[in-house]
Amino acid sequence: MAVSGFEGFEKRLELHFFGDDPAIFPLGLRKLEFESLEQVLEAVQCTVVSAVGNSYFDAYVLSESSLFVYPTKIIIKTCGTTQLLKSILPLIQYAHHLGLTLSSCRYTRGSFIFPKSQPFPHTSFKDEVTYLQDTIPSNLCFRKASIMPSKSSSHSWHVFTANDSTHALPHLPYDHDNELLFTMEICMTELDPILARKFFRPPEDGKSGDSAGKEMTELTGINEINPDALICDFAFDPCGYSMNGMDGDWYSTIHVTPEDGFSYASFECVGSVNDMAHVLRKVVKIFRPGTMSISTTCNGFGNDMWTQMASAVEPLGMKCRSFAMDQFPDGGTVVFQTFSGRRKSV
Ligand SMILES: C[S@+](CC[C@H](N)C(=O)[O-])C[C@H]1O[C@@H](n2cnc3c(N)ncnc32)[C@H](O)[C@@H]1O
């Protein structure tokens, strides 16, 4: 851990692949040996602490956040001082051995609380973008990097996308009822200290990380966010919590750094507009953050999520302080909003 404190803000990488050989499916990337994944994570400097799978994908809780492996898609989210971008090259190489080629890359993150503690290539967004530009293959020719602002220079949303010319919008943009799907990433700081205490373990509780995690999931109401989800949870010692949820092919994930002074929690999921507002309200009630950002990404062109998000949390005392929208070449539309308790400014 950095001398300053634990960096809760995650770096997030989403890679999509394609392959023409039917023999590699239906498992695709899920055929990767566990040892190969461990080697990728070694480059990032984190480890697997727990894992679960269903018929659609595998979900791993990491020592620093989460990894999701679908047949043609990988999502890795890591916090602390991990070097997430160092996973790209080994992943491209392992996928190549399976007959899969990279078609899309998306990297996102908020603003670090302790930016000076980050190692290369995460020393600045400029360094990250240079590293990405140099690492990803040239067939991903539609590229864009953007820093989406808020009213405060310490809360920005950093986005880099790169896509090839033939596999645009790789993630299905609609659900089974033909509703537009979104990815929602919520970053919360200044958690309510009484609620944050629930993510500390009593000294020498004699429990495993899994059983202590299960208790936290129930005690905090996290299990009620989506009662249909299969949850894989883990409690760190003496504090900290991570969980992955699986509901069919939809994932959700929560990570909590409860320490006073740099408390942080994140929630991420996929869903339609109606699900999102409902879920967002439940999440805000669990953490009661002083400040919060919401980033929604959809692979269509319309993204009017921001009004629904604002209406969902205003009755809970959170006021929308800023709004920014940007479009990415063959990478969809991103909306970034910041919120704070009514008397605070973000
Ligand atoms: C890994 S968890 C959740 C990560 C998540 N991205 C977040 O920001 O909250 C981080 C919390 O667990 C605590 N922690 C305790 N032991 C840890 C370990 N071995 N590795 C990582 N975090 C640990 C940290 O101090 C922090 O409160």
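Cβ atoms are placed via backbone N, Cα and C, with glycine included.
Remember, predicted model here, so these are calculated numbers, not experimental data.
Among Phe6, Phe120, Phe125, Phe323, only Phe6 appears in TrEMBL as part of the substrate site alongside Glu64, Phe236, Glu259. Whole-number maximum of the Cα to Cα distances across the substrate-binding residues Phe6, Glu64, Phe236, Glu259: 16 angstrom. Residue environment of Cys79 (active site, proton donor) contains 27 other Cβ atoms, counted within 10 Å of its Cβ in all protein chains. His255 (active site, proton acceptor) has a Cβ environment of 26 other Cβ atoms inside 10 Å. DSSP assigns Phe236 (substrate binding site) to coil in the three-state reduction, outside any helix or strand. Glu259 (substrate binding site) is surrounded by 19 other CB atoms, counting those within 10 A of its CB over all protein chains shown.
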